[in-house]
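The structure under discussion appears below in the form of structure tokens.
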Amino acid sequence: MESKEEIQGNITIKRKSLLILNCLILSIGNCGGPLIMRLYFIHGGKRVWLSAWLQTSGWPVILIPLAITYLHRRATDPATKLFYMRTPLFMAAAIVGVLTGLDDYLYASGVARLPVSTSSLIIATQLAFTAGFAFLLVKEKFTYYSVNAVVLLTAGAGVLAMHTASDKPAGESRREYMMGFVMTLGAAALYGFILPLVELTYKKSRQEISYTLVMEIQMIMCLLATVFCTVGMLINRDFQAIPREARDFGLGDAKYYQVVVWSAVFWQCFFLGAIGVIFCASSLLSGILIALLLPATEILAVIFFQEKFQAEKGVALGLSLWGFASYFYGEMKENKTKKLAAPQTLMPPSNNPVGNA
């Protein structure tokens, strides 16, 4: 029979493995999503509501792992529930989903008007919003290392901002460019609020939060965001325009539908990874990881869209890596401190066979 320490150790290993998996999923979505969305607009796509809709319309993909986990549970417990989510949590996820739909529209509006390098650096400011809202909503405790990471990553975005004046697309008016800037900044602020709001939902939930329940929350969030954007598409007549836009697409109609499908897949990876990191760690780490991936998106934009890679982008990459290293060093140091303190805090009374946990 495993001891309490061995059981706790196994749980820690599983949680860290799940965190690494979600970081990888988030990385794929965070880098691939903006690039394929920009590809759509560069080659003739003009439907902002469609682009917003694609960010969450891949939600049925989550039904696959949910079905697998359900069948696994049913093999050992035939009376298991199909879904764990209760009504209060469903309502909270629905509200966050509507906010996500609005955020999707703001972001798509910005990407339609700005180069990837510019929109990505503006989105990086969501880290500052995430830090602020995490402090207000979930009382996130800041250490020297986490504050240092926020400062460095924000500074990296600031360095990138030095080259935005030369990034205005040819033929675009200054008014359109500024509108894109404001829309993208609004998306950053709103998503900086959504991340801690999801964490608050976890904390205030009156039921145990498992990773299966996290996937259910993600599914409801994306479903409601998709409904929100579907209403916008219906009003804007985007569904009727899709066949015509596919015929006129610069890469051909077959590639048009491939871009649409892969856009949905990449963005679903982003959202699932983001809330998975919140579940395994915190909304602040999720925000820091999104900011860290900014230089990677910049480099990919240079490779695929031939955007210029100025010296400022190299400096930003260095600052981002420094900030990420600072955050994880602080986490490692804090975990080490907790382990050293564990023998003193985990000594239960001799008459308690199961301990204080």
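Glycine is no exception: its Cβ is also placed from the backbone N, Cα and C atoms.
Bear in mind that TrEMBL entries carry predicted annotations, made automatically and left uncurated.
Sequence annotations record features per position, and here TrEMBL assigns transmembrane segment to 20-42 (among others). Beyond the transmembrane segment (20-42), the same-chain residues lying 6 or more positions past its ends with a Cβ under 8 Å from any Cβ of the stretch are 51, 54-55, 108, 111-112, 115-116, 119-120, 123, 250, 259-260, 262-263, 266-274, 276-277, 279-280, 286, 289-290, 293, 296-297, 300-301, 304-305.
With a cut-off of 8 Å between Cβ atoms, the residues of this chain six or more beyond the transmembrane segment (48-71) that come close are 33, 37, 40-41, 80, 82, 97, 100-101, 104-105, 107-109, 111-112, 212, 215-216, 218-219, 221-223, 225-226, 229-230, 232-233, 236, 238, 242, 260, 263-265, 267-268, 270-272. Among the features that TrEMBL reports, transmembrane segment is placed at 48-71 (among others).
The transmembrane segment annotation in TrEMBL covers 83-102 (among others).
Counting residues 6+ beyond its ends, the transmembrane segment (114-138) has Cβ neighbours under 8 Å at 34-35, 38, 107, 150, 153-154, 156-157, 160-161, 163-164, 167, 169, 177, 180-181, 184-185, 187-189, 191-193, 195-197, 199-200, 203, 282-284, 286-288, 290-291, 294, 297-298, 301, 305, 307, 313, 316 in the same chain. Marked as transmembrane segment by TrEMBL: 114-138 (among others).
Per TrEMBL, the feature transmembrane segment maps to 145-165 (among others).
Residues or ranges marked as transmembrane segment in TrEMBL: 177-198 (among others).
Here the transmembrane segment (210-236) has long-range neighbours at 18, 47, 49-50, 52-53, 55-59, 62-63, 65-66, 69, 83-85, 89-90, 93-94, 96-98, 100-102, 104-105, 198, 201, 268, 271-272, 275-276, 279, meaning same-chain residues at least 6 beyond its ends whose C-beta is under 8 angstroms from one of its own. The annotation transmembrane segment is assigned in TrEMBL to 210-236 (among others).
Feature annotation from TrEMBL assigns transmembrane segment to 256-281 (among others).
Annotated transmembrane segment per TrEMBL: 288-305 (among others), in sequence order.
As annotated by TrEMBL, transmembrane segment applies to 311-330 (among others).
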Beyond the flanks of the transmembrane segment (83-102) by at least 6 residues, Cβ under 8 Å:
52, 56, 190, 193-194, 197-198, 201, 204-207, 210, 212-213, 216-217, 220-229, 271
Which listed stretch (177-198, 256-281, 288-305) has the most C-beta pairs under 8 A with the transmembrane segment (311-330)?
288-305
